[in-house]
Ligand SMILES: Cc1cc2nc3c(=O)[nH]c(=O)nc-3n(C[C@H](O)[C@H](O)[C@H](O)COP(=O)(O)O)c2cc1C
C-alpha cells in the first residue's frame, strides 16, 4: 500500500492528477477540510476532484461526531473512496478548534467520531472505509501502552486502518513545520503496533524519502505514506509504484507529456497555468537541467497566455542538458 499524504495548500486536485500519472496504484489524499466547511462551504471548490484521481481519500478535520458523520456522507457522495480523520495536525488554529493532534489526548471522543462516521457511511449504497491519521502521542508523552490504548479504543469503534506519523506532536512552542522535523521519529512503535495488532492495517508516515527506505518499511508494516518527498521529488512515486506493482519505468518527460490533455482542458476552463505548474517543479529534482526546468516554469507560468508550450520548453531544457552532458 502506497499513499501520498494529505498536505494543505499542496495536494489539491491538480497535484493529485499529476501524482496519479506518476503512481497509478497509489492512494491519494486531499488537503484537510473541516467538517463544517464541507457542510456549509463552497463544496464545488473544497471537494473538487477529477475522476482520474481515484482512488482518493477525503481528509476531514473536526471533533463533532454528528457533523463528521454528515461530512463523511457528503464526501462519499462526491466520489471519494475513503474518509480519513486528521488526528495529527498541531497548529494553534486547529488546537483552538479542538481537533487534529490534540485529539490524541481524547481517545473516547475520537472513537465517538469514528463510530458515528462508520455508522453513517455504512448505511450508504457504496460504503467506504473510515481511517485515521495520527501521531504517537503529544508533548513529552513517551508511553507505548498509551498509544496502543488509543489505537485499540478507536479500532473498537470501527477504524481498521491507521496512518501513523511516527513522531509526537508538541502542542506548545513548535510551529507546524517544526512539528514535522523536531520531535524524533520512532518507527519501531508503528512496527510493534503491526506485530501486536496484525488484523489492523498499519501504514507508516514521516521522513520517508527514498524508494529503498519505503521498501524497507514495507517489510514491517502494510503501507507507506509519503508527504514532502512525494511533493518535492515526485519521480520517487513512479519508481515505487513500478517496484511495488509492476509495469515499465517511464521517463520524466514521457510521464509529464501525458498531462497535456488535462492541462489543455483546464486552460480552456480558464484555470491559469501557474496553478498546475507549481506542483510540477520538483519533477527533475537532482537531474541535469532540473534548475532550468523549474526556472522556465516559475518565470513563465504566470504570464498571460501561458500554455502547454511552456511545459514543452521546460522539458526541452532538461533534454538539452542531457545532450550537452553526453
Ligand atoms: C505543506 C504541508 C501541509 C500538510 N497538511 C496536512 C494536512 O492537511 N493533514 C495532515 O494530516 N497532515 C498534513 N501534513 C503532514 C503530512 O501529511 C505528513 O504527515 C508529514 O509531512 C510527515 O510526512 P513526510 O515526512 O513524508 O512529509 C502536511 C505537511 C506539509 C509539508
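Glycine is treated like the rest: Cβ placed from N, Cα and C.
The FMN site in TrEMBL is built from 6, 7, 8, 59, 133, 205, 206, 207, 227, 228 plus one of 34, 78, 160, 165, namely 165. Cβ neighbour counts within 10 Å, taken over all protein chains shown, single out 6 as the most crowded of the binding-site residues 6, 207. Ranked by Cα separation from residue 86 (site 'Interacts with tRNA'), the binding-site residues 6, 207, 228 are led by 6. Only 6, 8, 180, 207, of the recorded positions 6, 8, 180, 207, 294, place a Cβ under 6 Å from an atom of ligand 1. The recorded sites in question are 177, 180, 291, 294, and the one with the fewest Cβ neighbours inside 10 Å is 177. Counting every protein chain shown, 17 other Cβ atoms lie within 10 Å of the Cβ of residue 228 (FMN binding site).
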